[in-house]
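Visitor: One structure is given below, represented as structure tokens, and several questions about it will come after.
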Amino acid sequence: MGKKGSGGWFSTVKKKVFKSSPKDSKRENNIGSNNADIWQQQHDTQEVVSFEHFPAESSPEISHDVESTASTPATNVGDRKHAMAVAIATAAAAEAAVAAAQAAAKVVRLAGYNRQTEEDSAAVLIQSHYRGYLARRALRALKGLVRLQALVRGNHVRKQAQMTMKCMQALVRVQGRVRARRLQVAHDRFKKQFEEEEKRSGMEKPNKGFANLKTEREKPKKLHEVNRTSLYQTQGKEKERSEGMMKRERALAYAYTYQRQMQHTNSEEGIGLSSNGPDRNQWAWNWLDHWMSSQPYTGRQTGPGPGPGQYNPPPYPPFPTAAATTTSDDVSEKTVEMDVTTPTSLKGNIIGLIDREYIDLGSYRQGHKQRKSPTHIPSYMAPTASAKAKVRDQGPTVKLQGTSFMPYWNSSTKNGSVNGSGCDSSSSGGAITTGYPGPRSPNPKSDIRRKPVSPSQSPTGFGKRGWRHDH
């Protein structure tokens, strides 16, 4: 589209159709120049052009045409028709111009939105920098506030955690003390009950062992009330007590052995038997120590010892009872027999064998005398029927001593005889008969002159206890 007043199609049509006067042409030129200036000014300032700037009624061409038509004289009909056609064409051109103006205004409006002036750009830049500065300052302030809150909250949380831990420690400490107090009370109650049971059991059942008490105590109880430490201490004390008792018994056996050995040595010297003096006594001590260490001590307990106030006597070699000595006269007659013509040294060995057999029982006799009254005679110490018959056959020369364990020397026969339960001394047939079905301590001197006999060769028929003397 061309500019108005610059030689467009509308001006060309108007010049050809209407030939205006010079005044009209000057006016039209002024109007066109004014319109061009207005358009240029609008384009430079980039203002939005509205449709109000181009009203259809105020068009200069239309007003000029109307004035020209009004001023023209209507002289002839042809001119009128021609004027009507020109008016119609002018109206159509005006409408086309209005449409073009509207399109141009729309284009200007759309182009003006995307374009900015330098002032607007500078203002926008200044505002953006200022707003960025404000945002950065707010961010720094926010960061400082967050750090301060973190520090304050961290200290507060730390203090709160420390306070909580202290409270928990105090609570645990109180619970521990309460539990310890309960355990102490339960322990004292159990200890008192245990002592009462021990006293009651010691008064009612003095011969009852610690094993039975232990089985009675093993009833359903609370496990935390059982004091294992006190039980272990009690067991250790009882074990030490039993060991001390064993040592005392051993010392008494040593002393009694030494005393009997000295008496036997003096008797041999008075009769004229061979004696070695102190060497023989020392040899007897060594032999007794060796024999006692080789024998199993069944009295030592591997389990818990006896309870307080109770005493279990250690087992000793059993005495030959009446049932053992009166089994059969044939058996007692088949024991080892020795001729009267036995040498004196062999007789001394036999006497020593009998002595040591009763020396080993010295400790038991001492404990037995403490427990039994002196007037009471047990059944195993009573003389048997065979012993009474042999004493009756022997005559009044030998006196039966049922309660004596000590061997005595018969000066008339020059033979050592022992009278007591389980030991028969007879002169009938010139033989010394000894019956010991129980275990005995071997004689160290007589071991060289006798050897064990197998069960098939044993003349007594007792198996391993049979001994054959080689003359």
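Glycine is no exception: its Cβ is also placed from the backbone N, Cα and C atoms.
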Visitor: Give the range, chosen from 137-145, 245-253, 281-289, 353-361, that Swiss-Prot lists as region 'Calmodulin-binding'.
Guide: 137-145
Visitor: In Swiss-Prot, which of 2-9, 58-65, 450-457 is labelled motif 'Nuclear localization signal'?
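Guide: When 2-9, 58-65, 450-457 are checked in Swiss-Prot, motif 'Nuclear localization signal' belongs to 2-9.
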Visitor: May I have the DSSP-based helix, strand and coil counts for the residues of the domain 'IQ 2' (148-170)?
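Guide: Its residues divide into 23 helix, 0 strand, 0 coil.
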Visitor: If you average the pLDDT over the domain 'IQ 1' (119-147), what number do you get?
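Guide: Summarising the domain 'IQ 1' (119-147) by its mean pLDDT gives 90.
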Visitor: Going by DSSP, how much of the domain 'IQ 1' (119-147) is helix, how much is strand and how much is coil, in residues?
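Guide: Looking at the domain 'IQ 1' (119-147) with DSSP, the answer is 29 helix, 0 strand, 0 coil.
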